[in-house]
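Step one of this worksheet: look at the structure below.
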Amino acid sequence: MRDMRASSPETTSAVKCPFNKTAVEGTHNKDWWPNQLRVDLLHQHSNKSNPLGETFDYAKVFQKLDYAALKRDLHALMTDSQDWWPADFGHYGGLFIRMAWHSAGTYRIGDGRGGAGRGQQRFAPLNSWPDNVSLDKARRLLWPIKKKYGQQISWADLIVLAGNVALESMGFKTFGFAGGRVDTWEPDQDVYWGREMTWLGGDVRYGAVSEGVHHPDEHSGAKEKASKNSDSRVLENPLAAVQMGLIYVNPEGPDGRPDPLASARDIRETFARMAMNDEETVALIAGGHTFGKTHGAAPADNVGPEPEAGELEQQGLGWHNRFGSGKAGDTITSGLEVTWTKTPTQWSNDFFEHLFGYEWELTKSPAGAYQWVAKDAAATIPHAHDPSKKLLPMMLTSDLALRFDPVYEKISRHFHAHPDQFADAFARAWFKLTHRDMGPRVRYLGPEVPAEELIWQDPVPKVSHVLVDAQDLLALKHKISASGLGISQLVSTAWASASTFRGSDKRGGANGGRLCLAPQNQWEVNQPQQLSVVLETLRRVQTEFNAQAGDKRISLADLIVLAGGVGVEQAAKRVGIVVEVPFVPGRTDALQEQTDVSSFAPLEPFADGFRNYVKGDEVVPSEHLLIDRAQLLTLTAPEMTVLIGGLRVLGANVGGVKHGVFTDRLGTLSNDFFINLLDMGTEWAPVSKERHVFEGRDRRTGVLKWTGTRVDLVFGSNALLRALAEVYAAVDAQEKFVRDFVAAWSKVMHLDRFDLV
């Protein structure tokens, strides 16, 4: 929901440090060089910030949880109204549903970031977003339960479970619940929320559409522009919210303009970017708005700063409300004042009854926000804190989108006529919403994990054969070595398979062998023509091995990874170092019908610096995109560095381009990349004004020696990365380089093997 009180994400006063020459004040590197490469993003969430220590195993501790007792306590909490924050209608269900929704709803499919999986709603900026007003109170209401069960339930799990129990306590049958979300202890720094410097601004993500929304009485020129261009405006990737500080859309309409059809376009775009189709979108909006209410008792100037800007005595709570009692019937959250149904604490079909049962006319809330009131309607809606009062039916602009958009209307009318199908659709969509970033089912914990396998979970078959042993692996390695495939082909294919993994939502990776399926087998970065040759060859090896007597088998997914390891071992042997690349069998091959092509499309890399690849124009400097990809692969800066150096000399570049191949021993796992990059006998210069590709010439003769991209040269330019490159360029570094490369390579190959944890 929209909050209209904060204009910019700033604190109310500067912090003054009484001591001189401390780290609290002073100018920092980011102040001098705001565009500096964020290598620090690769070192987030270290054990130094984790009070539980590196040996803490949440999955093991969760198994000790008295889950039934926890749910009983949550059920009791729903109607245990507290004087310091009274429950609407005597039931906290609506508040906890909103808390869980807004925790999960930050997820976006573009990069897999956001979502409920880390408990990030506790930290800035999410704890202070305008859309999250009053959720600080929801988490405080949960604290006694979190305190009671301690580390047996994470905040991340508890927030979602509270939403589930809220639904159940109001008569709704949920689809299930899975635990397994592990808390982090500091804000995520890698999530791009947009570049706007004003809360509720959309001027950057839509290209100068809105400068922010601050409770206007009249439409501004920017809003008129937004409305006129609402058909064609394009939301910046990977964002999935229309304004800074919102979860999805502005409930008043695009940039505050009360236009249901324009709102529908925003809804469709933002929900699609969270991997929801039209039916799921309607089910979520209608199902969620069956419960609870919005809050806009008075204008926004009654509300104080958000939690991160609050004073010490507020103890992490924000948005202190000076209107009336500041709570209950005087609450100000979104500025809107809407209760959707006659039974806001019971599951019903009332939302659709009202949506289609009335005609609607524009009005304003007591806070001045645009909303809609039913024409010629009786006052049938209960007051949240005064049983003697009844209110007129109200709707949001974003609600009316479900009636006036033709596609949404058809779905809504179907759900109206078939309430059982509506309930099932909402249950499934809610489960998807709250579990989308958890990765494969093998990570799910608890007694309420649903048995049904869902396509969006990227299912892979269970292992149904005897796995290969050490002797088999030796025989298979020999077959691969004799297959005629080169080191470059073996390495680049394995990398293409495994490097789709995203630590954000735990999707991608080598398990499932989806490199062989659409859409991955047609991605430009995977060199489809070469890929088909490699896969055909490996299939012959697989077929021959699996034709043996007995139940022993190897999957193509396993064979691709094993073959990559063979390439690495061969390349290491060329520098006189014998290594065994770790390999653990157990991957299986998914079927095409187990693969949602549209859902996998966002995993296609726009840029992969590890393969010196950029698709189309470089909008963002490629070295920054490298950091982004390395972070998704959960790599540290040293791991990223050693992988770049190794993949270059192994010939993993897309299309066989020579940029960054600083060696005359291609296919040899040497440290030549670093030696030649740091050679002061080479002088570098851009080949064009775009500065994407550079030439390295002999400083004395001018003879061309090498070409490199921004990704290559950053390892000599950036001070932090150069320090790492110097380690691997040293005379005594060859063996360390090989062993570090093998370790980093093995990490990437096994990132999705949650079955091994």
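Even glycines carry a Cβ here, placed using N, Cα and C.
Values in this document were obtained by computation on a predicted structure and should not be read as measured data.
Following the DSSP three-state reduction, the secondary structure of Arg98 (site 'Transition state stabilizer') is helix. Around the Cβ of Arg98 (site 'Transition state stabilizer'), the number of neighbouring Cβ atoms within 10 Å comes to 25. Annotation comment: Swiss-Prot describes Arg98 as site 'Transition state stabilizer'.
Within 10 Å of the C-beta atom of His102 (active site, proton acceptor) sit 23 other C-beta atoms, taking all shown protein chains into account. Under the heading active site, proton acceptor, Swiss-Prot lists His102, citing sequence analysis as support.
Look at Swiss-Prot and you will find 210-231 (among others) tagged as region 'Disordered'.
The feature compositional bias 'Basic and acidic residues' is assigned by Swiss-Prot to 212-231.
The annotation heme b binding site is assigned in Swiss-Prot to His289. Long-range Cβ proximity for His289 (heme b binding site), meaning a same-chain Cβ under 8 A and a gap of 6 or more residues, is found for Trp340, Thr341, Phe351, Leu396, Asp399.
What Swiss-Prot records for 293-312 (among others) is region 'Disordered'.
As a summary of secondary structure, the region 'Disordered' (293-312) carries 7 helix, 3 strand, 10 coil according to DSSP.
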